[in-house]
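In what follows, a structure is listed as structure tokens, so that the remarks can point back to it.
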């Protein structure tokens, strides 16, 4: 019995066996990603694919300053509103910036025909040559060119008029019929603008043009219109009951434009030879101009980013990330970040069998922790880590390259009568935007799922690599760990890690230790059986003695009567 108890004590005493464990890296990162199956998975490393910041400024685009219209609108600038005089010297720009509520547009009230189409045309223009299409001093000798001014277009407190148009009036009591032509010899498209005056009453018509009935005719290869003034009293706008309607056309190289009129013509003075440039555009923004450079400009501000997506603004100019409605697009590159909880021990499970990562292993993603008589330590498996890094890096770069198509996305122009078309266009744009957003989010979710599964697989492979080497020279003790049946010094540990473990060398020692341990288990089972029998017999005897004592006491005091019948 003493011998058996000694064996039991030996079995219950702790033994310091050499161990090696497979694990993975963990750190203090708080990055979270989403996958197809999970949300907010904490990971060790990730990359952001979504730009959500801007500088709040208008910047030079690729070193070229924008044309900032300030208080002027496109109409005021291109017609030559005298309050926009500072803009007339601008010949080139990277893009045009207009404020939402421009004060200086058409100073003389009236309708600007096809204004939205003109804006669309100008959005692709990066420079122009402003030139006199009909020189003021010699083109109209039979008409007055100085009295055509108005208080509604005042400048510095004096009546004035557009700087790119001439209001022709009667001279010496007459307004002779006029015919003027221009041949486009600029080898570029030429933008020509003019107007037709509609007086508020017949008296003004006679006073200004010396006739009641007048017409204006404009003809080119692609344009042919005849205008008749509409004389009618109208509500005052900017102090005027009359109106001027504004028109424009693009004259192709070599084409001729002919103006004929016997009154009411607001004649072209300056025209524009257009140079179109890829990447130009018009944005509506309240942002201020700053001394900065960018490759991507939005109405909110400049974006300087190489990321494939942005959620700053759908309207962009330059080389810009694609706009999506997402609030988060983060792609995982590392592993699930689950640092080991000390109370559970060092290890715990990725891939279902290691519960936590190691913050102590900093030189790789996957690796080993060993413990023997010489000490303990971490070591990364450099080969599997490097292969994983290369594979994931190539995948991330491929995703960014495929999705990082640079865009210029400008708003489309519609007039008030095209509201239904504008609404339809918005629905179409919203549909495309939803598709882009869905595709981007789904791509990231799928790739995140694949990356985390890839890491799990790598840890499993490393575990199986060790298991296949050790065979029955060690036993699996859970949590990714093996306990050797033999002594394994640092040299032995290193051979396991690099795949050169000599199984036969340690087989005999392992076999003997396995047999000893199995013997201890058998002896332990015998001891446990003896203890169990002893415990059962002792308990029964105590129960019988207790029952007899109670019965004797109850018989002695009369509580229990005992009769023996023969």
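For all residues, glycine too, the Cβ spot is worked out from N, Cα and C.
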Which range of 509-529, 530-550 is transmembrane segment, per Swiss-Prot: 530-550
Candidates 40, 144, 498 (glycosylation sites) with Cα within 10 Å of residue 172 (N-linked glycosylation site): 144
Cβ atoms near residue 304 (N-linked glycosylation site) (within 10 Å, other residues, all chains): 14
From glycosylation sites 144, 177, 304, 498, the one whose Cα lies nearest residue 104 (N-linked glycosylation site): 144
Distance from residue 27 (N-linked glycosylation site) back to residue 40 (N-linked glycosylation site), taken between C-alpha atoms, in Å: 17
Residues near residue 144 (N-linked glycosylation site) in space but at least six apart in sequence (CB under 8 A): 168, 169, 170, 171
